[in-house]
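As structure tokens, the structure follows; a few thoughts come after it.
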Amino acid sequence: MFKLFRLLKPYRISVAAIITLMLLQSLAQLYLPTLLSDIVDVGVLKGDVAYILRFGAYMLLVAMGAMVCVIIASYLLARTATGFGRDLRRKLFSHVESFSLHEFDKLGTSSLITRTTNDIAQVQQVIVMMRMFIGAPTMLIGGVIMATYKDAHLAIVLISVIPILVLAIVGIMLKGLPLFKVLQVKIDGINLVLREHLTGIRVIRAFNRSGHEKQKFEKANLDYTQTAIKVNTIMATMMPVMMLVFNLGVVVILWYGGIRIDQNQMQIGDLMAFIQYAMQIMFSMFMMTMIFMMIPRASASGVRINEVLAITSTIHNTEKAISLPSNHAAIEFENVTFSYPGAEQPAIRNVSFRAEPGEVTAIIGGTGSGKTTLINLLLRFYDINTGSIHVDGHPLHTLQLESLRQHIGYVPQKAALFSGTVADNIRFGRETATDEEIKQAAATAQAADFIAELKDGYESQLAQGGTNLSGGQKQRLAIARALARKPDIYVFDDSFSALDFKTDAKLRAALKVETEQATKIIVAQRVSTIMDANRIIVLEDGCIAGIGTHEELMSTCDVYQEIVASQLSEEEIA
Ligand SMILES: Nc1ncnc2c1ncn2[C@@H]1O[C@H](COP(=O)(O)OP(=O)(O)OP(=O)(O)O)[C@@H](O)[C@H]1O
């Protein structure tokens, strides 16, 4: 966790000011009881009103000075802590941005979200508590010194109470701390049930499993509550135990102090100051307990954050990476083999093909045959194991990632839209696209009609993930987004599956005109979508079972014939 505090560097002046102010505040606090004892011993006992007033005003000034220190320190601390949290979130976010899909697979999306939010908040809390880090030890050491200075004999009573307090605190913490860790795991449990419930709400309702889900949530909730009650019960004993030990200590101090006053070895004011020092010592011990309770929790979060920061993406720009010139680029796969990390079998084996500019290269095959994997490799979401991929004659790894992706208009299998307007979502493809270009892209994607029917047309707001649109509408917006980019390469990963046959045909006809010069790769399940492609690649279990036009494959490729036969009969039956 302390490694993360390097991010405090830009705030070093604030931190120095906070430390100085808190030290000043602690010194002022330590000075107050001494002033009080002077008022009592000199002013009150001798009836010197002028002395009382003068020292009273003095006390007021010191107290106000301490207050000003606390106010300024709190302000600076709030700014520093929120700034630190913002910087750390930014650092983590941009680091995660550089990850390849492999790293996302490894860490898990939900864990990355928790680490960027909850875990950072825990570490940020340590900064917020910085006041205590400085105040508590100063008050403890200063309190003991000042109490000893007031009366060394009585200080022995006080100092012998401290180990009893420490023992009580350590005992309680030993019981409570492991439960704090358990508590975090139980929160994870609630989050898991909740996340599954919210994302799967349609399925849960359709299968009438609401009752079952409710029970699952109740169980996780009860589990968490019971642990929380247990940990809070243990922690709640801390204050009364501390108060008991402290009050017993005060009784002993008063008793022994009374004897010493009786023997003229101590003055009343000193005894009053002594009790105040004892209170300050106890308060500082309480603060230190809070610190010790918080640090293990925050350092667990610190470890989780550092884990993410320590991961370097397996896919990044090499030093000599070049920018892909704007060109109508040919794509070439040569003997490409690739296994997903941890997978036993390669998802793609010895795949070779060429996709030419101005042509449509289609990929067809059963589920799990490796179609999406080919696309993932072209976009360099993953790196190949053996073989090579060239774009415009350049090996993929020699190209700058941003430049490569800049040239590709990608339509994913599952249309991912973002909250914002329809126009915002299309403009996502190219920020500089004009309104006219956006309308043109929507028209080509056969989305113009349904957008016109929306309440605010292109300015209609989309819900998170576009849930207020149908599957086909989402797909058409995703296509419009890729078209708005005007790229050299189009990649449609099963992007026409949610469209009816008529819209599918109209869309392909419009695309043909709009994307004439570009290299087009179309992954499809329906033969009718790709029948007129210049080249059809038939995939089976990660290998190429045939390449050719529809006619060629109909006479040479058994797998293709099977696909065609199964679909025709299905259509005939329908
Ligand atoms: N992230 C991943 N990690 C591990 N294995 C994966 C991953 N993604 C896909 N696979 C595996 O790789 C193989 C090919 O998957 P791919 O998604 O490329 O198939 P597909 O042909 O696109 O299928 P579909 O038509 O169902 O989308 C499958 O066996 C799948 O289980």
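Any Cβ shown, glycine's included, is placed from N, Cα and C.
For reference, TrEMBL has these:
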DOMAIN    16-297  domain 'ABC transmembrane type-1'
TRANSMEM  52-78  transmembrane segment
TRANSMEM  132-149  transmembrane segment
TRANSMEM  155-174  transmembrane segment
TRANSMEM  234-257  transmembrane segment
TRANSMEM  277-295  transmembrane segment
DOMAIN    331-566  domain 'ABC transporter'
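Three or more CB pairs closer than 8 A are found between the transmembrane segment (132-149) and the transmembrane segment (155-174), so contact between the two stretches is assigned (pairs 6 or more residues apart). The list of residues near the transmembrane segment (52-78) in space but at least 6 beyond its ends in sequence, with Cβ under 8 angstroms from a Cβ of it, reads 14, 17-18, 21-22, 24-25, 28-29, 31-32, 35-36, 38-39, 42-44, 127-128, 130-131. As a whole-number mean, the pLDDT of the domain 'ABC transporter' (331-566) in this prediction is 89. If you look at the transmembrane segment (277-295), the same-chain residues 6 or more away from its ends with a CB under 8 A from one of its CBs are 1, 29-30, 33, 125-126, 129, 132-133, 135-140, 143-144, 146-147, 150, 158, 161-162, 165-166, 169, 173, 176-177, 180, 235, 238-239, 242, 246, 249-250, 253.
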